[in-house]
Amino acid sequence: MNTGEYNKLGSAIEEVSRGQLGRWECYKQRLFFLVLALLVATVLWALILSTLLSSASSKLRVLLSHQDLLRTNASEQKMTLSSLKDDIGACRNCCSVTKAQLQTTLAEFKDIQAKLMEQESILKELQERVTQDLAKASRDRENIRSELFQALEAVKRQNSSCEQCPPSWLPFQGSCYYFSETQATWDTAQSYCGGQGAHLVIVRGLNEQGFLSQHTRGRGYWLGLRAVRHLNKIQGYRWVDGASLNFSHWNSGEPNDSRGHEDCIMMLHSGLWNDAPCTNERDGWICEKRSSCY
């Protein structure tokens, strides 16, 4: 091989070496950028992981704090529950005692109630006996009074100069009775009777009631009986002489105090009694006074 060929071969080798060196430089640059990119990515990931770990650590601390708080609350709730259980137990014991006391009280109440019912029955029986005795005494008194007046009238009839009652007045058992021909209110009728030395009739028994019923002549008449009110409620009835009502001859369903102002008593044409407003001017009246000689 001559010198020229060697020169050509050296030139060729030199050209090949230069090309390889250029490619190697290119590879080195690429590798540098790749390493740099990896390094940057690693740093970024490290920063991101650090941030995430810091956030997770903060959240973990918060969660642990909440856990401690929940444990504390759970402990307190457990203590409260235990206290409530104790209170419930005490209340149950108290309820048991109260229930026993109530049962005892109820038994005592039933016993007292039974005794009261027994006493009420005895009292009712006594009242019935007293009522019967009073009714019998009233009948006996009326019979004695009737017999006495009959005897007095018999004695008076023996004296021809004795006139028992004024004209237009009817005699009965020692009293004189005037049956009016006109109508008036109860107060007007009582005033008229007072002017005659009399009063509106007081019916003391069945005999007197029978006498009055025989002379009604199909008309109604005021009696000397009025209601006694207290707080706008009728408490009873009283005659014009102040005596309480012992004998009565009421019509069916009477007295009913219709509309709350039927305070005066009148006798129907049938002889039965009825309550009516004292301002009623549709009825006559009957005056009564003791008989005397003129």
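Note: Cβ is positioned from N, Cα and C throughout, glycine not excepted.
Positions annotated as coiled coil by Swiss-Prot, on the basis of sequence analysis: 100-151.
The Cβ neighbour count for Cys278 (disulfide bond), using a 10 Å radius and every protein chain shown, is 20. Classification of Cys278 (disulfide bond) by DSSP places it in coil, neither helical nor stranded. The disulfide bond annotation in Swiss-Prot covers Cys264-Cys278 and rests on sequence analysis.
Among the features that Swiss-Prot reports, domain 'C-type lectin' is placed at 172-287, with the record citing sequence analysis.
Within the same chain, no residue at least 6 positions away in sequence has its Cβ under 8 Å from that of Asn73 (N-linked glycosylation site). Annotated N-linked glycosylation site per Swiss-Prot: Asn73 (among others), in sequence order.
The N-linked glycosylation site annotation in Swiss-Prot covers Asn159 (among others).
Under the heading N-linked glycosylation site, Swiss-Prot lists Asn246 (among others), citing sequence analysis as support. Asn246 (N-linked glycosylation site) falls within neither a helix nor a strand when secondary structure is assigned with DSSP, and so counts as coil. The Cβ of Asn246 (N-linked glycosylation site) has 13 neighbouring Cβ atoms from other residues within 10 Å, across all protein chains displayed.
Long-range Cβ contacts of Asn256 (N-linked glycosylation site) within its own chain (separation 6+, distance under 8 Å): Glu262, Asp275. Marked as N-linked glycosylation site by Swiss-Prot: Asn256 (among others).
Summed and averaged per residue, pLDDT over the topological domain 'Cytoplasmic' (1-30) gives 71. Positions annotated as topological domain 'Cytoplasmic' by Swiss-Prot: 1-30.
Positions annotated as topological domain 'Extracellular' by Swiss-Prot, on the basis of sequence analysis: 52-294.
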Neighbourhood of Cys264 (disulfide bond) by C-beta distance under 8 A, where only residues 6 or more apart in the same chain count: Trp186, Trp222, Leu225, Arg226, Ala227, Asp275, Ala276, Pro277, Cys278, Asn280
Structural state of Asn73 (N-linked glycosylation site), classified by DSSP into three states: helix
